[in-house]
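Have a look at the structure below before the remarks.
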Amino acid sequence: MIRGRRGGGGRTIPKRLMASKKSLKILLAFLTAITLASFAPALAPFPVLSSSRHHLTSGNDRGFWIADDMFWKDGQPFQIIGGDVHYFRVLPEYWEDRLLRAKALGLNTIQTYVPWNLHEPAPQKWVFEGIANIESFLKLAQELGFLVMLRAGPYICAEWDFGGFPAWLLAIEPALKLRSSDPEFLQLVERWWGVLLPKMTPLLYENGGPIIMVQVENEFGSYGDDKKYLRHLVTLARRHLGNDIVLYTTDGGSKDALENGTILGEGVFSAVDFSTGDNPWPIFKLQKKYNAPGKSPALSSEFYTGWLTHWGEQNAETGANFTAAALQKILSQNGSAVLYMAHGGTNFEFFNGANTGQNESDYKADLTSYDYDAPIKESGDVDNPKFKALRRVIKTYRSVALPPVPSNNKRTSYGLVKVSKIASFFEVLDTLCSPMEVVEAEHPIAMELVGQMFGFVLYVTEYPQKETSSILSIPKVHDRAQVFVSCSVDDNGSPIYVGVIERWSNKALAMPKINCSSNIGLFLLVENLGRVNYGPYMYDRKGILSPAILDNVVLHQWKIYPISFQRFINHSKDKPIKQVGSSRINKISIQNSLKHHSSRFTFSLKESISEEPGFYKGHFFIDPINQVRDTFISFSGWSKGIAFVNNFNIGRFWPLFGPQCTLYVPAPILQHGENVVVMLELHAPNPDLTIELVENPDFTCGPKHHQA
């Protein structure tokens, strides 16, 4: 046990003070002052981290605080053995399942971020239902015996789109300075926290709830040094949550990160994170320099059990014994740790984040899966070496017996599913985007400025016929543009695929010589692959952010189509989706259209016709006598796209790039009887037009050099 030094212990009493009663009174007053001073913090600029309670408080007094370089809960020393479980990456029907597995791992505390963009998807449109029902999640955690560390942001990182910031912040002009004391930005933060934090107040530990600590910002020391911004957040948090709650920051275990990220003089506890396998104790020693004396319990608030994976990389994995040994080094000396992640979950829909390297073009998007090689796998599996190794270590440092380990949830292979093409993307464009929502502009503009926050935007213009082939360049594409051409933008047939311009390579594209009787239509289908969530390039608008240049001539007069898959799905609820395609296909003969195109195009890539984006649909049935169980959809043989199961967006697939071959399908989105899978395939489909529903995930797709 490391105790803070107490002052006033070495003084002597002058003899002249003993000469009279008056002197005795003076002596008593002097001793009283010394006694009171002995309880004052040794370092004046640091106020206490919680209420006036300290470690001498009786065990009957409910509270959580820091003293003597330890955490104290209800008057007793407390070692945090926690783990991150993010409610927004797990369907609500599975919250209890995942938390019970975390309990069997031996955890006593759950840490979770709060993503602002989930709860305010549009300005002052507040969402706290379904997967966003954070209050229900926290109450459930308490019912199961957990304490909670709440990472309230407003920035969270988390490999989550835009680090949790709402994308509509990028539509505000003039541009906001994010993560700063910019008054316009702070005003929006105040509005957000003014909604969130009052919901959290009844759930604070001193109010009978589970929340023992609330994190302010996240790893700010790796980003900037705007102390005014950090102090404003502390003031705002105290205003809503009171003075008893322990506020904390998390920063990397280096001097620079702690210098920039620590909020000195505000009574905010500074926690650290560092690479698994690093010697923790020199880092915890450094941590002490950024906390008041006696106010620095050793805490790794992100103990990495695995790591993230980007598309195009080999799946990240870390050894079970290596990870367990690193955890033991912390716990064996009474340190505290929070496993990041205890259970990773899934980046459903379009919520995955991305990272950059030396510049913003060095862009890498995160997978749909956020399994993270965590001890509790994406589908909840715990029968794995890492869970067992970590549990063995944690068990040694828990004073209570751990619950038995639940068995793995059973999964089912529903087998091969035949799919059929129901429509070309361009054939249902009027359904995907209402003509009333088409934006006309002289130059391409960012998708956020046309009200499109996720997914896809289609940019359309025309250019005069060329005598020779041409070169198209787009200096700033965020993130991936598929290029198509047609004889005029009003041609009823589907445009012909030319190629792709990608943010990370940004190569100019050779355009074919086309013989048309009119101008040539140019179609750019741009995909937002996920906003950058970390580093200096976070201001990451999407779409086409520069002029499009053909043979050194800037193209003008654009029509911009924000694409709504929800509109497409809603349209199909009362009608089979196939009818959406058929209604347009009846007006156009696809075969005649392709013949019509081929007679007018001088185009060597005959196979490019198969590169047309299209919607595919398949059905599978679950017999009522069988239990509905989790499964994975294997997209082996497909190229790239997104998939919906029973109208629920389960995420992106990209087996052509890898490493993720399968998408997780939780049982709660399935049903007895008919289940419907709809996919947007952006390039070429599996030649067999099949998908397979399998029992196990697969991370072995992609080019050979991505594989171990």
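Placed from the backbone N, Cα and C atoms, the Cβ positions cover glycine too.
Residues annotated as domain 'Glycoside hydrolase 35 catalytic' in TrEMBL: 71-396.
Per TrEMBL, active site, proton donor is recorded for GLU219. Neighbour list (GLU219 (active site, proton donor), Cβ cut-off 8 Å, at least 6 residues apart, same chain): CYS157, THR250, ASP251, GLY252, ALA257, GLY261, ASP273.
Per TrEMBL, active site, nucleophile is recorded for GLU302. Less than 8 angstroms from the CB of GLU302 (active site, nucleophile) sit ASP84, THR250, ASP273, VAL338, TYR340, each of them six or more residues away in the same chain.
Taken from TrEMBL, the feature domain 'Beta-galactosidase 1-like first all-beta' covers 444-563.
According to TrEMBL, the domain 'Beta-galactosidase galactose-binding' annotation covers 613-675.
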The predicted model's mean pLDDT over the domain 'Beta-galactosidase 1-like first all-beta' (444-563) is 94
